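Participant: Pasting the feature list from TrEMBL:
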- 86-479: domain 'Cation/H+ exchanger transmembrane' (DOMAIN)
- 12-32: transmembrane segment (TRANSMEM)
- 101-121: transmembrane segment (TRANSMEM)
- 133-154: transmembrane segment (TRANSMEM)
- 166-189: transmembrane segment (TRANSMEM)
- 201-220: transmembrane segment (TRANSMEM)
- 268-296: transmembrane segment (TRANSMEM)
- 316-338: transmembrane segment (TRANSMEM)
- 359-382: transmembrane segment (TRANSMEM)
- 388-414: transmembrane segment (TRANSMEM)
- 426-444: transmembrane segment (TRANSMEM)
- 456-479: transmembrane segment (TRANSMEM)
- 618-637: transmembrane segment (TRANSMEM)
């Protein structure tokens, strides 16, 4: 009986559900309703539906409340940008899992390689890369963090001790390379066999300015690892930074000149005048905004949480105002960073100072990583114009003019230096002229009015691939083979500081007696002016502090942070190992395998999300390729980690 009753109850429930679904499926205002008759004697006839064809006034379709919706078009741009950033970040994590990879192969090479793989997959399924790199995006959003990072982390004392040499190589050296390569390429274009007679002198000069932008990120990382001498390091660092500023000025000037049918002699003089006005104007704006930022942080003692915001806003504002007046925005933001760093770090708290350093480093790294990654993608997915004669001559001329420039400029500047550059230093200066993110972004954002834009893009990519992969990988063995002069960078002690200050004061006094004004004399005068006037205006606690006392505080702070990191690392490692072994006893090899598995799983999820944003076919291809790569490289990487 109970079974029969249960069946009847189930039938009754099914009948009620069926009736309910039928009622819900009826449209609103069903035909069972009788509309009220309007007042009056007028009879309202129902609309007559035509026998066939579309209706003039079709019945409105009723839409119900959706339970689940998806509006991808609304969040497409930020969603894809976020996924690209995450994918590049996961690639960086994968590179540093096994440290021997990045020891011999520069990180830029690995990022370009990952971009080439993703670009090949997208090309195989006929997908186009997202248009995330445009002229405004690069110059207004991606370039400022890169330049701010370089300017903020510039070693101050070595830079000002070698500022003449840095500007000599950055300004005169860039002009040397741009003019020499441009004129030589114009001569090559006159050869009929290469079929590039339509490229005029202005376009060749524009292209030469683009490929004159050096980006020795890989070289600087090698310099830090092997501790090359401080003079060589700061010259390469400073040349890279100010070379970008000179290149962008020439780039904008030659773009304007390229559209001119005839260049008059007066245009040449105006171009030279504009070059100096743009550079000096950018430096002026940078100094002004740097002083304003320093003065503002004097009053932030009660609002410590917004102190880093002023640093980023004033730096970016200096860049934007310089762009507003069409002057060198790179010079503006670099000068702003160099000016405010000394005063700001004395006004803000230690936590704010740490936050500023980490955020500046993070933003610059993300921007440069994205550009290298996008370079690899564009190399495969973009249509190229191949002209092997033009490409090979460009590579040859770039190497020749770079080497000649270093030799000639060094012979001119060596008599004025206390420690001259020897032949080994000159060879590393010439060989370390790698091209990178700036050159690619400049050529990729060329206007469409340039007729041979595709040829310029192909040649620039070949130049970057050659310098980054060949010169970037071989620079470490060459430095160790020719035994470049090195410096112990860990000798920052109180004893060294005392003797350095003694020597500087002695040399400044001797120069004052002899009537000679070198950088020691001007440095002593600036320190007096800084202690008497600038510190009183820009710093909250304006008492002049000895450099020896400042160094003592810095060393004590570094020592305390190292101890704290060591203790916290031991505690965290101990607790994590205990908790893992309590749940499931893990050996070092199984822990390594677990970390690799988690990394590949996260990469798979990210690639799936990125590919689904493009197409299902791309998703399937990415899944297959990632599965194949995991099966191939997982045992090798796991074995290498176990052995290390």
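Don't overthink the numbers, they just go from 1 along the chain as shown.
Positions of Cβ are set from backbone N, Cα and C atoms, glycine also.
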Participant: Residues sitting near the transmembrane segment (101-121): Cβ under 8 Å, six or more positions beyond its termini, same chain?
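Facilitator: Residues 87-88, 91-92, 95, 129, 217-218, 221, 225, 369, 372-381, 436, 464-465, 468-469, 472-473, 476, 618, 621-622, 625 contact the transmembrane segment (101-121) from elsewhere in the chain.
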Participant: What residues in the same chain, six or more past the boundaries of the transmembrane segment (426-444), come closer than 8 Å to it by Cβ-Cβ distance?
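Facilitator: For the transmembrane segment (426-444), the list is 108, 133, 138, 142-143, 146, 169, 207, 210-211, 213-219, 228, 232, 235-236, 244, 247-248, 251, 368, 371-372, 375, 378, 402-403, 405-407, 410, 453, 456-457, 460-461, 463-464, 467-468, 471-472, 475, 478-479, 482, 484.
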Participant: With an 8 Å cut-off on Cβ pairs and a sequence gap of 6 or more, do the transmembrane segment (166-189) and the transmembrane segment (316-338) reach 3 or more such pairs?
Facilitator: no
Participant: Could you give the residue numbers and ranges of same-chain residues that sit at least 6 residues beyond the transmembrane segment (316-338) on either side and whose C-beta is under 8 angstroms from one of its C-beta atoms?
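Facilitator: Counting only partners 6 or more residues beyond its ends, the transmembrane segment (316-338) has Cβ contacts under 8 Å with 139-140, 143-144, 147-148, 150-152, 154, 156, 159, 241-242, 244-245, 248-249, 252, 277-279, 281-283, 285-290, 293.
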Participant: Are there residues at least six beyond either end of the transmembrane segment (359-382) with Cβ under 8 Å to its Cβ atoms? List them, or say none.
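Facilitator: Distal contacts: 84-85, 87-89, 91-92, 108, 111-120, 122-123, 127-129, 132-133, 142-143, 145-146, 148-150, 152-153, 217, 308, 312, 436-437, 440-441, 444, 457, 461, 464-465.
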